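For reference, the structure is listed below as structure tokens.
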Amino acid sequence: MKSFRVLTEQLKGWRQQSLHRNATLSSGGVRTGDSSRLTPSISRPTPPRTKPRRSTIPAPFMLVLAVVSLTSAIGYRFYNQPKLKEGTIAPRDIIAPKQAEFEDIQTTEAKRKEAQAGVVVVLQISDPTNTKVREQLGEFIDRVEQKRDRAGLFPFVEDTIISQNLQQFLRASTDEQWEEIISTIQPIASEDSPPVTIPESSQPKIARAARVLSDYRQQFGEQSFLNLIDTIQRSRQSYTDTLTAIEETPLQEIEKENIQPFLDLTDNEWEETKQAIVQSLERILTQGIPPGLPLGLKRQAIQAQLKPDLSGETLAIATDLLNEIVEPNLIEDAEETKRRATLAVQNVDPEMVEVKKGQVIVEKGQKIERQQFVLLDNLKLSRREINWTGLAISAGLVTLAIGAFWLVQRRLNIRLRCRDRILLCLLSISTPLLVSLNVKYTNFPAVGLLVSSFYSPTLAVTHITLLSGLTTFSTLTGEEGMIVGWEYLIPGAVGGLLAAAVAGRMRSREELALFGGVVGLTQGGINLIVTLIISSTPGTIWSVALPGAALFGVSGIAWWVVALGLSPYLEKLFDLVTPIRLSELSNPNRPLLKRLATEAPGTFQHTLFVSSLAEAAARELHCNVELVRAGTLYHDIGKMHDPLGFIENQMGGPNKHDAINNPQKSAQIIKKHVSEGLVMARKYNLPQALRNFIPEHQGTILISYFYFQAKQKAQEEGKLIEEADYRYDGPTPQSKETGIVMLADACEAALRSLKDVTPDIALATVKKIFKARWQDEQLVDSGLKKEELPIIADVFIRVWQQYNHQRIVYPKAAFEPQPSAK
């Protein structure tokens, strides 16, 4: 009889649960627990657990739908493939049924691309560069003339007296050299005195200068000699002062080195050199200097222009000067280059293939060449049909990709609803569809951004990796080679992976919008590198590679903008949330949270403490912290339907339930905060991910206070009560996030009540609560493992200690008014 009564109570409980299914929440979760982890130690019947509604589309059918749709997208080229294609062996002699002429489109396009790539870049003279070079030369000549004026005339005496070379030496000689010259000059000899020999110096020029000056002294007398010495000394002083001024002038080192040689030229030589430099520069600028010209060739070109007018030392110093001043003044004429490339393409005649009626196109056993295939295909003799083998391979690859994606999803414990699978399938199909339409600028960045924001960066990286592999396979199976080249696939995939890895971690729309520029620059740079690697024509660098890279970078930014624009609509249509959206919903100034703080302030404070506990635990377990924070803030909004029915809002006033004096009615008031919370959540358009927290944080736990109160009263009256009437309707937590909030909600009141106790006592209390929830099978569908519960308990105690820290006890006198110091 006892077993029959237990069974009857169980059946009644299930019937009672069915009456409340309108308050349950749909969720695509699946059970992740196993019986080996469950060790219930209570003798009462297992409480009925309301399971969330499953997907309307069965999982096997959804798998078949995904495989078929993706196979159709990536294997579209297998629908109509020729059996007799280029490179195959003809099974028999194939004869032309009629005379015809057809264009070999592929060969024609290849020749046109080759002609376009072979166009030499057209260069034009850059007037701004010419102006800049002329101004630099003019400024340099002005500085040289200023320094020459300061250095004085040269030669400073007639070269019949002292040679020009010796004057250069005397003017530039050091003080030691000059003193040695003076000291070696002999005194004036009398007419009777024999001539004195000038001693040989270690430096020939010093000895020569001393001999010349001594001869001048003997020939013209002492006074003329002293005047000459004075002239030399003034010239030396002016020259030395000029060199010192050059060193102190804030010029580049190369300019200082170039100025000094021009000081040693005579006035006539300087005028000739200056005129030759100016004229040569004009000829050089007129002819043009291309960018990238080797320095040796540049110097040779300059020297060739100067040779007709200069020679010797002046040629060398003028060459050095122009070599430093002249810059490449030829730039690309983009419009003319494009015009010539277009003209080159237009000049390529279509590659035509013709055949006469009855002519053998290809003989039996012969390998089919390109021109033969063109004839066979246009004459409908290539036997086009569905390539079932190719489609089977495509289906196999798609199935493997879906399997790999599923394994990562399970590993990350991400629960996908039917609508999530549909969205992922649509995003996956979009890329190969664009490729089939010959759109080279793939939408990998948009797909990476959306999947990363909606689900997980790790899942998004997996998705982009698999999708790029499938897309590459679809482009490699074309009859005419890759329809989208590596220079487009590789940068697109890299941009998608970058978006997938980062977008889900962004916490503001501004950061997310600006990151699109990083994705665009990355795509453009990778495109440029890959294009240069696969290109064999130097001209491609300027005429094709750079514009192509810039355009590809812009396409990356464009897809980023498209994804940002679609995101709010997809969030609404597929009931999704992004980290940014969750951050916005967690703002305390949201209307529903402002109402909660005003109408149920005790519940709002309870919510804040629960949020602190749950958020810290979620961070420790690497769960979705933003989802936990937002979900916790809204989990008890239903208490606003009757705030005084919950003790945290009574503020020490009378307890409403004492006046009701009916445990069953009180239990219904308590339970109603779940159903009313769902009504409010729908009214305020909260996403499903947040609505899940409202019923799941209570699960199917027993409202023990009123249950035992009712049980005691029923025993006194000799009646039976239904346990199901005192249990929440569920479902139990279907994710780690809602499971953590259930534990935090259960521990909040217990931890608040603990004041002067040790952390060990508080930890024991928390573990006792955890054990009760585990044995009540409330966490069996949450994905939380038993070994994770001690980690959560330690986090809760750490947060409790932060809230319950001690304060310094101030003496009473500290609060009494103190007389002011006089």
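Glycine is no exception: its Cβ is also placed from the backbone N, Cα and C atoms.
What TrEMBL says about a protein is an automatic prediction, not a curated fact.
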Among 512-534, 788-810, TrEMBL marks as transmembrane the stretch 512-534
What DSSP reports for the domain 'HD' (603-750) is 106 helix, 2 strand, 40 coil
Checking 59-79, 388-408, 459-476, 488-506 against the transmembrane segment (420-439) for Cβ pairs under 8 Å, the most are found for 59-79
Sequence-distant residues near the transmembrane segment (59-79) by C-beta distance (under 8 Å, 6 or more away from its ends) are 386-388, 390-391, 394-395, 397-399, 401-402, 418, 421, 425, 428-429, 432-433, 436, 470-471, 473-474, 477-479
When pLDDT is averaged across the domain 'HD' (603-750), the result is 90
Sequence-distant contacts of the transmembrane segment (459-476), meaning Cβ under 8 Å and at least 6 residues beyond its ends, amount to 70, 73-77, 394, 397-398, 401, 404-405, 408-409, 412, 414, 424, 427-428, 431-432, 435-436, 442, 444, 447-448, 451-452, 482-484, 489, 492-493, 496-497, 499-501, 503-504
Tertiary contacts of the transmembrane segment (388-408), defined by C-beta under 8 angstroms and 6+ residue spacing from its ends, are 63, 66-67, 70-71, 74-75, 77-78, 81, 458-459, 462-463, 466-467, 469-470, 473-474, 477
